[in-house]
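Got a structure here, written out as C-alpha cells. Questions coming.
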Amino acid sequence: MTRKSRRLWLVGACLLGLGTATALVLNAFSSNIVFFMAPSQVRAHPPAADRTIRLGGMVVAGSVRRQTQGDTPIALFDVTDGQAAVTVRYAGILPDLFREGQSVVAVGTVAPDGAFRASEVLAKHDETYMPKEVAEALRRSGKWDPRYGKAPDAASWNTMTVGDARHGEANRS
C-alpha cells in the first residue's frame, strides 16, 4: 500500500467516524427535544402519539374534575388558548399553585382519542407571571397584542367557560 492510498484510507475512516458521531448526536437531540404547542395547534395538527410536547394555555374555569384510580389521584381539566381547548389527564398530585383561570404548561403526549396525557404539570408562581410560550400562543391566537399592554391576567380568563373554550369564544362581560 502506497503512502497516498494509506492517507486516503485514513481520511476516509476519519470522515466515516465523524459522520457516525454527528448522526448519533443529531438522533439524541431529536429524541430529547420537547416542542411547545398551543391547544389550537394540537387540534389543527396533532403530533404523533409517541411525541412528547409541552402544551400551554389557560385552565378553563369549571373544567377541573378529580378522580382516583386505586391510590393514584387523577385530574382532568381543559387547557385553552382562546381558540380551542384540549382535555388534559394527569395522574398525580397537582402543584399547589394550580388554579382554574391560571396559565399552565403540561408535558406529555396526545392520546389517539385526542386527550392529552400529561406526565408533568407546571403551574405559574404568582398572579402576574405567564410563561413566555403561553403569552406567545395568546399573541398568535389574536387574544393579546403586545402593542396594547401586558398579557391578559388570570381574572379575565376566569369568565371563559368550558363551552366557550371548546368553541373558541371568550365570554368577556
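Going from the start of the chain as shown, residues are counted 1 onward.
Using the three backbone atoms N, Cα and C, a Cβ is placed for every residue, glycine included.
This is the feature table in Swiss-Prot:
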type	residues	note
BINDING	HIS125, TYR129	heme binding site
COMPBIAS	164-173	compositional bias 'Basic and acidic residues'
REGION	148-173	region 'Disordered'
TOPO_DOM	1-7	topological domain 'Cytoplasmic'
TOPO_DOM	29-173	topological domain 'Periplasmic'
TRANSMEM	8-28	transmembrane segment
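Provide an account of the burial state, proximal residues and distances for the features listed.
Averaged across the topological domain 'Cytoplasmic' (1-7), pLDDT for the predicted model comes to 88.
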For a three-state summary based on DSSP, what are the helix, strand and coil counts in the topological domain 'Cytoplasmic' (1-7)?
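Counting residues per DSSP class in the topological domain 'Cytoplasmic' (1-7), I get 5 helix, 0 strand, 2 coil.
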